[in-house]
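These features come from TrEMBL:
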DOMAIN    35-111  domain 'VWFC'
DOMAIN    146-261  domain 'CHRD'
DOMAIN    263-382  domain 'CHRD'
DOMAIN    383-506  domain 'CHRD'
DOMAIN    512-639  domain 'CHRD'
DOMAIN    669-728  domain 'VWFC'
DOMAIN    747-816  domain 'VWFC'
DOMAIN    837-901  domain 'VWFC'
Amino acid sequence: SYLKLPQVNLSVILANIKIILEFYFPCIINSVCVTGCSFGGRFYSLEDTWHPDLGEPFGVMHCVQCYCEPQKSRRGKVFGKVNCKNIKQDCPDPDCDDPILLPGHCCKTCPKGNHALTQTHHLLLSGFQDPCLKKQTNKARCLVSPSADFVAVLTGVTSSWLPSSSAVARVRFVLTRNSLAFSITYQRMGRPSKIVFLDSDGTTAFEYRVPKGQSDMICGVWKNMAKPLLRQLQSEQMRISMTTSTSRREEVEGKIIKHRALFAETFSSMLTSEEENSGMGGIAMLTLSDTENNLHFILILQGLIKHKDPLLVPIRVQLVYRQHILREIRANITSHDPDFAEVLTDLNSRELFWLSRGQLEITVATEGPDPRQISGFITGRKSCDTIQSVMSSGDALTPGKTGGVGSAVFSLHDNGTLDYQVQVAGLSSDVVGLTIELKPRRRNKRSVLYDLTPEYSKTTGQAVGSWSRLEARHIHMLLQNELFINVATAHSQEGELRGQIKALLYSGLDAPRHELPTPLAGHFVSPPVRTGASGHTWLSVDKQCHLHYEIVVAGLSRTDDITVNAHLHGLAEIGEMDDSSTAHKRLLTGFYGSQAQGVLKDISAELLQHLDQGTAFIQVSTKMNPRGEIRGRVHVPNNCESGTKADTDEVEFDDVYQKDPEELKKDPHTCFFENQHHAHGSRWTPNYDKCFSCSCQKRTVICDPVICPVLTCSRTIQPDDKCCPVCDEKREPKDVKAPDRVEEHPEGCYFEGDQKMHAPGTTWHPFVPPFGYIKCAVCTCKGSTGEVHCEKVTCPALTCSQPVRRNPSDCCKECPEEDRTPAGLEHSDMMQADGPRHCKFGKNYYQNSDSWHPWVPLVGEMKCINCWCDHGVTKCQRKQCPILTCSNITRTDGSCCPECVGEDDDDLMMKASDKRRTLRH
């Protein structure tokens, strides 16, 4: 007999099974796998944002926002990656004196009476939000975000006894590590001769002599800023002044400020006055909305509002075309904060056309008995950066490995015209299409904006011309790195090469970026290499016969690179075309990421002659192709017949590594140390001790003491910024004959263990994968031969009966110090001590019964949570807060618990302990 089952609806069962399978196994049920991010046991769709919930006792982190960022593998598979950032720094400044922090919020807000004003102001600035937080944005432009952007508005000095000036200048700064690059535009003044940076005390911190020229753009870099000055820059305590050397000396000055609108700015205007010696001016930073034709703008005004003016000053902002007023906004601004933000909604087609042609003018005027006015035309954003693109087969819509290369340089004019120079080489077949495109909406569904094919010459492999019909939206997307250039061939109709058009940050190197660079391709390697990578390089030789170089690569396959580095790890070298001779081959730099720049100062006469004759090459090698991944033939005319003219005693590398912070964060082998990300294989001096050298090895930071060389001089000095003493040449006795200098090998030594170049005469502990640093050996670079000599460390004889090894990685044992009181528990002590077990929390170790506040990334120390070590088990608990029954609740800074506002707390509180006692009964 059969078991009799109750009658059920089969369709309901199947539907429920499908729901369960779709949740747990989406790739089985659906034809397209459902991708997203998993975080804290929950699943989020692509481009979702949320505040992470870390569970008890931490709770929801309202000041941290996580984003499920779409990623694409080389095989075209889309997956999600979680990125989280602290959003507290982006909170708007409330317009009230006593803002409050509401429960469940990150940012303080004004009480209900002023809340509407703050909300409106925040909406006006929404057009300038970090694009990386917007769902509709192209994430590619977030990858090139610099570490920090600053701006300064310079106007005539009014405090001087000299007549003020009507000149206005705008300075845009980009801070990368400790180098500050600046781009300066100016109006109504002659070409400046000197730029001076002033510290908080008004003294000169840095001076830049402006080279002569006809351009209205000044480009420069302040390298190696001292840390105290970096802190002043970050806290907006520095000023900048600019003077001319003409008979009528003019000076303009302004404060350097950090501004979040710079990241999204695509249009700008410099506002000047028609009055003589007015001493006033300003700038407008503008951007279009991502999806609508709304023009957001922020005004930074200087000198327009006088300190004697009343607290509120009415102003009138107009959008003008040939003296016809198109839009007008009236508002009140304060004399102590004259900045203003607004949005012009729904620009029509004519207004957008005039915007793209640089024909719209913005005017700002005060109203009253003594009206003042400044105005300026709106154009595309100006800077010293280079708009360029490297096209590779690895970045094509259907990635391949052809060994071909494409290179392009663009220049945007005020009237909206885009000049372009494009070159291609090493293609598998003839070019049939050369187009500027948008990011495809769907796979292989291209969106062509402009066709460059008619300008392409098969003979030269180049296309040179101008695109004169750029729309305002196109200019906006160009300056936000949202356009691409595609090369289609007879064998690859959809595209054999493709590259993103993006800005290359100005680095201060003397390289002619306005000219087409030298292409680098696997096609030029001998024998040719079929690779998906390509690149280009700019080179120049200065008057001192120093070689300036700048290299950009693209399309290197991360999945095919079997080295420990997930990103490009290349060695760039320069040499003559004859591979049989290595005498004139020089290592330029090893680099991480997609860019490398530097200066090579000690070049042989033979190599300079090959550069002059065009028989030299630039080559980038990788682990997969150590004999060359991509290469290019270079021709740099020069008059350096006898080699480098400058007196250089030793090799000096000024390499500037462009390490994109966003790329570093995504690399699984990156190290995070002292609030900074470091690339795998990199070395640096830590802030806590200059006598240590740290390196990053696969997410592990290893710090070793510096080994100082033995000095043969009789008198030494200890520089403040150095770890090791040096010879005091000034006080060295004159009758002591200096030993003859041994000619050092100019290239130094290459050590296979750490795969690095070491300067002549330096010593180091060898790095031997996979064991790491071997502290029982010391290697030395013999400068005369370029050979590495390693020998075992000789440990000193000890007199104690029970020597100890301080750290597990130390080579030699030491005698214990009997009177030594440990300031903290060492890692080795943790592993060997008897008695109660200790706890590890994060990277720290704690003794039994120790208590501490936990540290959470992106948030910092959680002072409202207490953790303690209980016999090897870490336990944490949030501080118990009283339960409030009032309706008006707020939270003050530094307080863990919410409080009642405006009521008697004693009457409204019931202690948590009383409530628990009630619940138990």
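Glycine is no exception: its Cβ is also placed from the backbone N, Cα and C atoms.
Because TrEMBL annotations are produced automatically, they should be read as predictions rather than curated entries.
For the domain 'CHRD' (383-506), the partner stretch with the highest count of Cβ pairs under 8 angstroms, out of 35-111, 146-261, 669-728, 837-901, is 146-261. Mean pLDDT across the domain 'CHRD' (512-639) comes to 78 in this model.
Residue counts of the domain 'VWFC' (35-111) by helix, strand and coil are 3 helix, 33 strand, 41 coil (DSSP-based). Residue counts for the domain 'CHRD' (146-261) under DSSP (helix as H, G, I; strand as E, B; rest coil) come to 10 helix, 57 strand, 49 coil.
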